[in-house]
Amino acid sequence: MLRSPAVVITMTVLVWFIAAFLLWPNANLLVQTFFPDGQFTGRAVEKLMSSERAMMSLGNSFLLAVTLALTVNAVGIFIVLVTEYFRIRGAKVLWLGYATTFIYGGIVLAAGYKFIYGADGIVTKFLAGIFPDMDRTWFEGFFAVLAVMTFATTTNHMLFLGSAIRNVDFQTIEAARNLGASSWTILRRVVLPTLKPTLFAVTILSFLTGLGALSAPQVLGGQDFETITPMILTFANSTTSRDLAALLALVLGVATIAMLSVMTRLERGGTYHSVAKVAAPLQKQPIRDRGANIAVHAVAYVLFLIYVFPLTLVVLYSCMDSAAISTGVLTLDRFTLENYVRVLSQQSALKPFIVSIVYSALAAIISVGGLLFVTRLMLKYRGWLMSALEYLLHIPWILPAAMIALGLLITYDRPNPLVGGFVLSGTVVILLLAFVIVKVPFTLRMLKAAFSSVNGSMEEAAAIMGAGTLYTFRRILLPAVLPAAAAVAALNFNNLLDDYDTAVFLAHPLYQPLGLQIKANTDGGASVEAIGNTFVYTVLLMVVMGTVMYLVYGRLNRVRRSPRARRVPLQRVGGDAGTPNADLPEGATTEESSAAPLR
Amino acid sequence: MRKPLGAIALSIAAAVLLTSCGQGDTAAEGEGSAEAGTLVVYTNSNSEGRGEWLQAEAAEAGFDIEIVGAGGADATNKLIAEKNNPIADVVFGLNNVYYEQLKKEDVLEPYTPEWSGEVDESLADPADEKAYWPLVQQAIVLAYNADTVSADEAPKDWPELWTEDEYKDRYERVTGMGGATTQLVMAGILSRYREDSGELGVSEEGWSQIEQYFSNGVPAVKDLDLFARFAEGEVDFGQMPSSSIPGREEAYGVTSGAVAPEIGVPYAIEQVAVVKGTDQQEQAQEFIDWFGSAEVQGEWAQEFDSLPVNEGALEQTKPEVIEFDEQFTHQDIDWTFVEENLAGWVEKIELEYMQ
């Protein structure tokens, strides 16, 4: 294996990358927290333990995590059932409404909710006109954060639970009915048990999202509801208090790792897989009880409105003039494109958008491009070394984004031999690096699946005919995995486009990506123009993300039945307002694709 | 299989296109401050149109500047964090405490501007080789809403706010420690209770004052101005740097008064300096020569009600600004003591008293 120079180079780069960007920054975080001057100190622990505020925000984070896991499951299971399992009128329209979270999430969504329901929001102003005595800050604190995050993070349910439920073998349902089971019993005793592994996975994901939440508590938490990640941010900014930030990040990291190991353990336990030789496709179930049917329809459409209402307002108000935005008026004669003209023609308004696109595109291409070689090697030369390296590449997946960012920041703010003696903080490179790092695990898993599904005999044939390693790679393997690779790159691009959680730690002050700009527009005593700009950013983001999604899925789905079509499981887009790097849980990839299983 | 391939090829082409333009961009980005002639200026003094005004005026004088605004402490932390690879070329507007901190961290490049003879040298860097020079000074005052509170009814000093029942829940207290004004107010209170054996050099009595300040005040609302809250009648007292008062009175239609305690008020002496490691040292120095000159400081004073340090600029200063300033005495604060302990104070307050 060491005879090929290409292999040697790839291996060297890989080992260096792992050491310099995955291992050392995080280890250094530990060192800086507990051994800042080579001597053990419990200062950070003591300080935090004695701080009521810190303990309170820790408590709040866990409270949010637990309640979010419950509420997201309740809403998520419901919307999956009404779109995939029950016969509901207008299910397609409902699905579109619920699916808006694919292209509308994270800081963008939090900002949108604030502009609509916040103290100066459009709806609040309208209501205050009717009820002058109302509390204008009604949409603030724990309730607001929970509500926003609940409706923003059902994406995982739509993806994973949705595809799992489509895979339920209809024959088992029919069999149960023949045995006299009621609809409710079938749902409870036949359908839900088969979904158990997926449900575990999405529950843990929701929990982690709540735990690491940053933008939603920042934008909507107000004074009384503070969580860990915003506190990390406060302390990370001060050089003398960074150990406190590091310790808080470590707490998050440990909690995340603990939850993930619980998940893996649960997965190993008994799961029910329907392994019918000839699985019958699921047929939608009517709800026989008239009352229940009406109730389910009503709830489904109310949820639909909750999902679609903020988005619709944002789109409509992006076409209103400033006066209309500030007074909350919505009439046809105030229609204008001035917001769009301003964003697209003013350099200062367009710049964050361009910065985000450039960063995301570069990160997407670098991560996919680099890992193409790595994945190939991993499949070709198996062994303990390769599996060890593969495990290490999953590090970004088990750590919260805030911790990764902080690790990079405190490790590379001084010359470091690992990166050739350069200082990375204060450059535009460090954010790009972080973007690449957080995308590594997802990209690796997807590419591995793609490579595994390539017909091995083609490669053998090429080798027999005398083709070299590189030639085979270039002419045989690459074309075969390219569609999947492009799809992964596109998803990475989408996912990074509205990033806030990483950028807030690492962005260059002169090249601030869109997420930061949108956040700034939510406070800043924001001018009406800034709010208008944010609406336009939101619409533009949705157009870009929607187009990318369509290119990846819309076209591919049409050839779904083709045996060679490789589907890439959807990735959470835009996040949640929480950790953006919790992409895919191990057990959640129950996609019915013809791609090889992910592990 | 053909069709999706086509679509994907298209998206790759688009992506490649994006990156190729992108790479041009990043190449330029990589140079950062080296970009032809653009000076990066960090300041906490960019609000209420100051940043825009300065950028426009500087452009006329031939300086291409980009302003990065942040709170006083935040800007300081940023400069320290970036010291191994500075982005900024010039920093102005922070008060002497922060400049002292920056100098200790080796962030500043000593420079004596052309106008050094026109300012009171005692306000500049106390060292022999001076790294920073003063531009303007302002009192950090306890302001009150004079429309609802008469001068007699107003408190005589800060501690009355939380010790006298009549003021409790009527003053605005801060919710973040990143601002320069906030930190000076805290320094002004804490240094009255200096006790070398106490925690961070402050007696228990001192910390209890801070605790009461936080528990009895009305929390500030992000980006809702104190004077706007005066107008709404939500609060009647709060901290304010003196130069911000006239503009806000006008903007929110309130009249305000300022408390003049016997012990004096903390003064922010806002400075300017060159950042060490800038690759445009000459440009940065020229900019400082221009910005601190009597003429520009005079215009700045006219525009933003500041009290310049440059004697030549005093002529153009509004008489009411000078008059306003004359009612205060400088509180006697040991700045070395403050500078040594400030970071610890802020951390302790963030952890223990901030709610």
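Positions of Cβ are set from backbone N, Cα and C atoms, glycine also.
For the transmembrane segment (A:7-24), same-chain residues at least 6 beyond its ends with a Cβ under 8 Å from one of its own Cβ atoms are 1, 370, 373-374, 377, 381, 389, 392-393, 395-396, 408, 411, 418-419, 433, 437, 440, 469. Under the heading transmembrane segment, TrEMBL lists A:7-24 (among others).
Annotated domain 'ABC transmembrane type-1' per TrEMBL: A:58-263 (among others), in sequence order.
The transmembrane segment annotation in TrEMBL covers A:62-82 (among others).
Marked as transmembrane segment by TrEMBL: A:94-117 (among others).
Annotation source TrEMBL lists transmembrane segment at A:137-161 (among others).
Annotation comment: TrEMBL describes A:198-216 (among others) as transmembrane segment.
Residues annotated as transmembrane segment in TrEMBL: A:244-263 (among others).
The transmembrane segment annotation in TrEMBL covers A:294-317 (among others).
Among the features that TrEMBL reports, transmembrane segment is placed at A:353-379 (among others).
The annotation domain 'ABC transmembrane type-1' is assigned in TrEMBL to A:353-552 (among others).
The transmembrane segment annotation in TrEMBL covers A:391-412 (among others).
Per TrEMBL, the feature transmembrane segment maps to A:418-438 (among others).
Taken from TrEMBL, the feature transmembrane segment covers A:476-493 (among others).
Among the features that TrEMBL reports, transmembrane segment is placed at A:535-556 (among others). Note on the transmembrane segment (A:535-556): residues 102-104, 108, 111-112, 115, 314-315, 317-318, 325, 339-340, 342-343, 352-353, 357, 487, 490-491, 493-494, 497-498, 514, 517-518, 565, 567-568, 570, 573-574 of its chain, located 6 or more positions outside it, place their CB under 8 angstroms from a CB of the stretch.
Here TrEMBL flags A:567-599 as region 'Disordered'.
Under the criterion of 3 or more C-beta pairs below 8 Å, with sequence separation of 6 or more, the transmembrane segment (A:294-317) and the transmembrane segment (A:94-117) qualify as touching. Here the transmembrane segment (A:353-379) sits against the transmembrane segment (A:418-438); at least 3 CB pairs are under 8 Å, leaving out pairs fewer than 6 apart in sequence. Long-range contacts of the transmembrane segment (A:244-263) within its own chain (CB-CB distance under 8 A, at least 6 residues past either end) are made by residues 26, 29-30, 32-33, 44-45, 47-48, 54, 58, 61-62, 200-201, 204, 207-208, 211-212, 228-229, 231-236, 398-400, 402-403, 406-407, 410, 585-587. Touching of the transmembrane segment (A:391-412) and the transmembrane segment (A:137-161) is ruled out by the presence of fewer than three CB pairs under 8 A, sequence neighbours closer than 6 excluded. Outside the transmembrane segment (A:418-438), and at least 6 residues removed from its termini, the chain residues within Cβ reach (under 8 Å) are 16, 19-22, 24, 359-360, 362-363, 366-367, 370, 396, 401, 404-405, 408-409, 412, 496, 499, 502-503, 505-508, 511, 513, 580-581.
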